């Protein structure tokens, strides 16, 4: 079995897969190293002999997690590192080491799945988009605040905007003009993300006409799925790229 980790800014996504055919055996999302250890220790009928991870945390935080995993489970995690080229995709950043590793692995994974031009939109704490042409050249992309950042900025800097997560969830049932603060904020932010997504599609069409694939990933992918007909929703896209970056024997 293989333990795979995607260590983001806010959460750690983990899954355990079989080594033979990459079938997913167990999966979860936690908000701390301690919670990760607790979940993994409670998997009484599942063990793993290998581990690979991608992290956008600081080097010190990543090293600490690697040490914890090594001591707790006697595995040596293999960490993804920046690369100029991977899986037939050429990194388009002027300084390739500055491109976020999770973002890089997501569009490398997307290209690996289709081997054609693709647009990859990742909706997490931040929202990113990336464009890869049919030959594997990364043309660049965009970054904007995701739903959590927009929501928290309004709550932090506007005194009268206060509501809980339950209200936020109810507000997104439909996207008519809000008649309460939670509705107005949640629907407004959602519409901004949908507009962002549609703009990315128009940019992609300017490059390739209709000859490209659209991938959507990240925790808030559902917010834009209905305005992107034909898009492939792939929650574990980063893990597809991670397998290419960190192959295990």
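Cβ atoms here come from the backbone N, Cα and C positions, even for glycine.
Annotated active site, proton acceptor per Swiss-Prot: 102, in sequence order, evidence recorded as sequence analysis. If you look up Swiss-Prot, you'll see 6, 7, 8, 9, 10, 11, 12, 13, 125 marked as ATP binding site, on the strength of sequence analysis. What Swiss-Prot lists as substrate binding site is 93, 100, 101, 102, 103, 181, and the listing cites sequence analysis. The K(+) binding site annotation in Swiss-Prot covers 122 and rests on sequence analysis.
The ATP-binding residues named in the record, 6, 7, 8, 9, 10, 11, 12, 13, 125, extend over a maximum Cα to Cα distance of 14 Å. Residues 93, 100, 101, 102, 103, 181 are recorded as binding substrate; their most distant pair of Cα atoms lies 40 Å apart. Of 12, 93, 181, all annotated as binding-site residues, the residue with the shortest Cα distance to residue 102 (active site, proton acceptor) is 12. A strand conformation is recorded for residue 6 (ATP binding site) in the three-state DSSP classification.
Looking only at Cα atoms, residue 122 (K(+) binding site) sits nearest to 100 among the binding-site residues 10, 93, 100. Fewest other C-beta atoms within 10 Å: among the binding-site residues 8, 100, that description fits 100.
Mapped onto three states, the DSSP output places residue 100 (substrate binding site) in coil. Other residues of the same chain near the ATP site, with their Cβ within 8 Å of the Cβ centroid of 6, 7, 8, 9, 10, 11, 12, 13, 125, are 29, 56, 102, 124.
Note on residue 103 (substrate binding site): other Cβ atoms within 10 Å of its Cβ, all shown chains, come to 21. Between residue 103 (substrate binding site) and residue 8 (ATP binding site), the C-alpha separation comes to 10 Å.
The binding-site residues 93, 100, 101, 181 include none with a CA atom within 10 A of the CA of residue 10 (ATP binding site).
Distance noted between the C-alpha atoms of residue 181 (substrate binding site) and residue 12 (ATP binding site) is 31 Å. Among the binding-site residues 93, 100, 101, the residue whose Cα lies closest in space to that of residue 6 (ATP binding site) is 101. Cα of residue 93 (substrate binding site) to Cα of residue 125 (ATP binding site): a span of 21 Å.
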